[in-house]
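Comments concern the structure below.
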């Protein structure tokens, strides 16, 4: 990039596009005055030539008649405010250095965007596909003040002042609001060094679109310098959206001012993604409308307040209260603003690397008494920041990084810039009471959210249809980081079972959606925070990384981030960066993976010395139609078994069908290490032979092949007897990951046929024979420093043993449950699920009471989760109807919180005895259910995990009949997906029942 190009590029970084002619004049002046060329000391520079605004330009060409040039004046004159431009000569193309902040990236000094800023012009054809705010007002800076928090009425007062450009004369300003009472608005317009103010108290509301229209009596003229001030009142709601309250029970005495009632204390925090900043303050709540933010809030002086940036000042107000103001944020989208108020304390560490000469402080905040449970997260966060700063070629751009445990939370975590908020189980770990599996979960979630500080925050998706750019990359980067820190954990093999299988499951139904999914209305986006946007996207990125190599992939990521820092971007921009780093036409490889629904199944046909591979779309129902099977994917084959070599061949299938010659007749495999996102359908004899060649397969290979065999059986492309025969080979397996995949596959079969007594008994006998030796080997007690995965293996095997009525394991578990419930004898925290399950199977009535008490009183971060999961396995119909279901749905303080309803609901729906009872109660008490699950994210998730387990097609008619005439807009996509899943399960049950019985009888598992 030449010097003029770099100046144009730098203008784009500052969101002040500069056309080439203007850049040429600027360059001449800089060189004529002896000033060096190209970087800046500020994030926004008010760059003008002779006082005239630089022309509005875009990738579609300069749109200004005179290009903003001032050549008649002999030389351009520059002004810059408030921070001056500092240019550094760089005559070679920019190459990001892994250990330094590139000179062309703004340092951590943030000023409000200039009112003379020019905006990229977007074609109207693109805008027509989006239901967005009018382009009349373009915000550049918010000053938000919150005061008068009322802990009795749960309300607060607010004032927001928005610096903006008004692009055309108007009497109306449309802004996003939800559940806010607007009191007054005024806009001050500055033109030609004079100002005029327009005021109004006339507002109209469009509740469906979540917009308010401010109606002014006089026309507001177009101006690049306006200031819109709105006063309002908001609600401290309990719906886990906007500015909301979370209830909790303190473990130590709390500060005096903390609000409380007979049952709970309360903390406050925000959750704005995707469209809930508008619940907290009036704003232009769209990802492209980035701005800087000044934030202040009045709080009780014995509590703590946090926000994206460090505290700037603290000023006493009324007695016992103080106003706390924060430093200005970088340019960012509204959904990334955050704050929290509560009785907080913290543990702190620092990054090892220095940023602008300083180590960055990293803190994990909790409510009082829990801070030590943040140590595991704190061990990972600073080194994750350092790793990503080096890997992405851009230093972490903020002066601090806070992590906050929130007691009630819709998701796992939220990546607010500089203040990441977490569900407690995603950030807190107690070595004495937590299940070891949460070590991996916390390490991953911390890394995932910190990856967003670059991918999503620094560079934000252009619109919600590009959500995958945020979430898929953060998912990949999260696993990448954990793999760097814990290579012995085999996290990419684990991803095959925990991640890729979930993506396969959703993408194998007709009602799935492409990774890049059209989103017209932002209010619909909640339903695509799913396994496609996170896990299929991550799976395809992993496939691409395997093809390009990690080094070139990360170099391309650095190019992408540098080019679009503090702006918005589309998928094509990422592909361009990766193409530049690798020399590969990435768009040609990945286009269909991103834009098309579904994934391929590779069907293999053998002849001596060669194989023919055919790709076709995979559907879980096994009934793909010709018009649904037109996509030709780029499929990296990962073939091992070429005659004369054991090297993995880097060949790809780019047609519907191809033949590969010189293949070893004795051994070959496709999809080495399961890096390709596709199912492999081997001939039955080859699958059986691979079962005798397990020593030639990696852990990842075995995991991938089991997953394919199970999916093929369920869909009818393969058979369940072939799957069971293949699984018989694994009785000597030692890998936790492989056992997890094998047992998951068996459980999926059992979930279909659990109400068939003969098949259920046969599959239990099959499972016990398969795991018996492994159960005896691993035992109940840890053996020295046995490693992380061995502990997980013990838990998984023993849980399977108890679930399938292994006599010794069931007796041992029941005994431990009895002594723990009577005497309080400590349990191995990683075996609680095993012991609880044994207690439920042995005496469900007693177990319910004991586990409900444990749910209410446990001090372990994960205690509630394990109690709820165990209760869901109760099969006594009387207990289910009279105790378990009321415990789930009641509104009282001793019932399951709405944020956790999916945890118990999912287990109940997987329980064949409870499933119809849960469905009946839900229908009979729909108003109660929707009242408790008022947050649409919570309701959508509950629908997803509770209605997808039916195995009889009659329930499809029941679902249709029940929801007919009801407003399903919050979960309409999900509803179609669960019905597709039920169709597949019902077809599988009808198709394979006889064949499974025949195989079980032939192999003496049933008589």
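Just so you know, the numbers here start at 1 and follow the chain as drawn.
Using the three backbone atoms N, Cα and C, a Cβ is placed for every residue, glycine included.
The Cβ of residue 449 (active site, proton acceptor) has 26 neighbouring Cβ atoms from other residues within 10 Å, across all protein chains displayed. Among the features that TrEMBL reports, active site, proton acceptor is placed at 449.
With a 10 A radius on its CB, residue 452 (Zn(2+) binding site) counts 25 other CB atoms from all the protein chains. Per TrEMBL, the feature Zn(2+) binding site maps to 448, 452, 471.
Across the domain 'Aminopeptidase N-like N-terminal' (138-336), mean pLDDT in this model comes to 97. The domain 'Aminopeptidase N-like N-terminal' annotation in TrEMBL covers 138-336.
Annotated domain 'Peptidase M1 membrane alanine aminopeptidase' per TrEMBL: 376-593, in sequence order.
The domain 'ERAP1-like C-terminal' feature in TrEMBL is assigned to 667-983.
Annotation comment: TrEMBL describes 534 as site 'Transition state stabilizer'. Residues near residue 534 (site 'Transition state stabilizer') in space but far in sequence (CB under 8 A, at least 6 apart, same chain), listed by position: 471, 472, 475.
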*asked:* Suppose the Zn(2+) site is 448, 452, 471. Which further residues of the same chain have a Cβ inside 8 angstroms of that site's Cβ centroid?
replied: 415, 449, 451, 455, 456, 470, 473, 474, 475, 477, 478, 534
*asked:* Counting across all protein chains present, how many other Cβ atoms fall within 10 Å of the Cβ of residue 471 (Zn(2+) binding site)?
replied: 26
*asked:* List every residue in the same chain as residue 448 (Zn(2+) binding site), at least 6 positions away in sequence, whose Cβ is under 8 Å from its Cβ.
replied: 413, 474, 475, 477, 478
